[in-house]
Amino acid sequence: MSWSRHKSLQRIRSFRASAPAAAINLSNFDLSYMTARATTIQARRKAGGKSEPLIFDVPPDSAVLVEGVHVYIQLLDFASAMTERERETEASHRRVLSMLHLNYAACDQVAEEFEAQRVDFHGARMHAVIVSPPGPGNERDRAERALAFADAAKRAIEEVGRTTENGRYSTRVRVGIDSGSAVAVNSGTQDEREPLFLGAPANYAAKLAEGDEEGVFMSNRIRKDLGLPQLSSFDTLAAERASRTSSVGETGLSANTSFQSKRLSDAAIMTAASRARNSFILNVGTDANFSFHRHTPPLSTIDFALLTPSNSVRMGLMSIFGDIDGFTKYVDECIAAQRIGEMVSNLHVIRSELAATLSQDFLGRKVRFIGDCIHGLLATGTSYETDASGSVVASVKAAGGMRSSFELCQEELGGIENLGIAIGLEYGETPITRIGIRGDRSVRCSVSRAVSRSEELQGGCTGDQTALGPTALGHAPTSIRRLFAGGVAMGLDAGSVDEHLGSPPIVRSGEVSAAAAPYDSGE
């Protein structure tokens, strides 16, 4: 397993040729677009097909510019559900997967009531966007619908948690809401056809959803759209994150008959919760129906289409998060300068090359793209056990390869010279499965402390840093630990990893020094 500049360059040029900037088909989500899509969806349903969201199955060489309201729903008690007496066990992983399946179903039930576009489920987070009614002049209507949707989703999750298995899956809920322009693009994952939305409002809504206090938290842009007083502070985001909204008690909302008419009644919430519970019983039943097996490495051979709750993987592995640092700002610049084709083409190439580096060069498995971030898994070992130390070494090499591939993309592509890639790595027992709506709208799911920690580590890195988590450091050979002073390595690319692992350290004792034996992956 190794990175090759020649192979990477060939792939990058091939990916760019498949979706050149000049050939990107850009659409605007306006009334004509929505009407055409609604007609297509209705015709497919009459022919026996399934219903689809208004924006769906966007081709890799296309993009849709959307004015919408972005809603991030965070399950606050997700982390505690993942452990049992401070330890991750098969039982605790079954419980947290059941919890996610149940709450994903509740969110989907409510989303249908508001024509909310489900974007992504990722661990404890759901991202949805309200895109209709489209066009300027409808900002208030979209904001009212988004707030009513957020209120309904929170209540439905609380209701289904309260009434299922004596509250075993109950959780507090926090929701962040923001509005603005974003670009809908292909998800990059063949079996998940909902598009990803790139741009500031999705990012900002996610930040508003961060925190320990439950409730619904709006940006000043949403407050403005709703005609509510905006918050004034030196730190606007902090003020918004501390200002919980009451859908029924807040001045300006309780008397807003248009908004109140959009809120779901208690009876409708109970119906949505009941349908989610029935879906859970049909597809999962109980925790015990999540059945785990090991997958013999390499993980690149995992077929997500074959995974179900009763056919799930669980094993020790490395979780890898790679995030394109500075990309949201780049998206906003491209929207403002009408360079969306450039951005979509560049993203297609970068994501494709990062995924190819992980899976082809280092035999890892991509789970999904989350905006401009890639989540992957990697392990070495046998059908009986994971080689933890070998997995750490392989993932560090993969991280180095991903950075080298990204830097090669910067050489080949225009406009991305100011971007970087932040990478987080951690080791732990981790389940891998598909949950949610059965069929082509089920979602890939891999959750564990290692997954959460690797994402946190990536979030704390700058665009030239790679971070290795404490569990991975504990399994790492000395040669790897030397690379990560304080758990973080700067500018760690394929060349520097290979050079370091191939060069013996100097061992000193008193006045005597000597070269230690070189690292041997078989030791």
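Cβ coordinates come from backbone N, Cα and C, glycine included.
Since this is a predicted model, take the numbers as computed values, not measurements.
Sequence annotations record features per position, and here Swiss-Prot assigns domain 'Guanylate cyclase 1' to 69-209 based on sequence analysis.
In the three-state DSSP scheme, ARG125 (ribonucleoside 5'-triphosphate binding site) falls into the strand class. Look at Swiss-Prot and you will find TYR72, ARG125 tagged as ribonucleoside 5'-triphosphate binding site, backed by similarity to another entry.
Look at Swiss-Prot and you will find 318-438 tagged as domain 'Guanylate cyclase 2'.
Swiss-Prot lists ASP323, ASP372 with the feature Mn(2+) 1 binding site. Sequence-distant neighbours of ASP323 (Mn(2+) 1 binding site) (same chain, 6+ apart, CB under 8 A from its CB) are ASP372, CYS373, ILE374, ILE421, ALA422, ILE423, GLN458, GLY459.
Around the Cβ of ASP372 (Mn(2+) 1 binding site), 22 further Cβ atoms fall within 10 Å across all displayed protein chains. Taken from Swiss-Prot, the feature Mn(2+) 2 binding site covers ASP323, ILE324, ASP372.
Looking at the domain 'Guanylate cyclase 1' (69-209) alone, the prediction's average pLDDT is 93. Counting residues per DSSP class in helix, strand and coil order gives 57 helix, 39 strand, 25 coil for the domain 'Guanylate cyclase 2' (318-438). Other residues of the same chain near the Mn(2+) 2 site, with their Cβ within 8 Å of the Cβ centroid of ASP323, ILE324, ASP372, are GLY322, ASP325, PHE327, GLY371, CYS373, ILE374, LEU419, ILE421, ALA422. Its own atom aside, the Cβ of TYR72 (ribonucleoside 5'-triphosphate binding site) has 26 Cβ atoms within 10 angstroms in the protein chains shown. DSSP assigns TYR72 (ribonucleoside 5'-triphosphate binding site) to a strand. Neighbour list (ARG125 (ribonucleoside 5'-triphosphate binding site), Cβ cut-off 8 Å, at least 6 residues apart, same chain): TYR72, ILE73, GLN74, LEU75, ALA206, ALA209.
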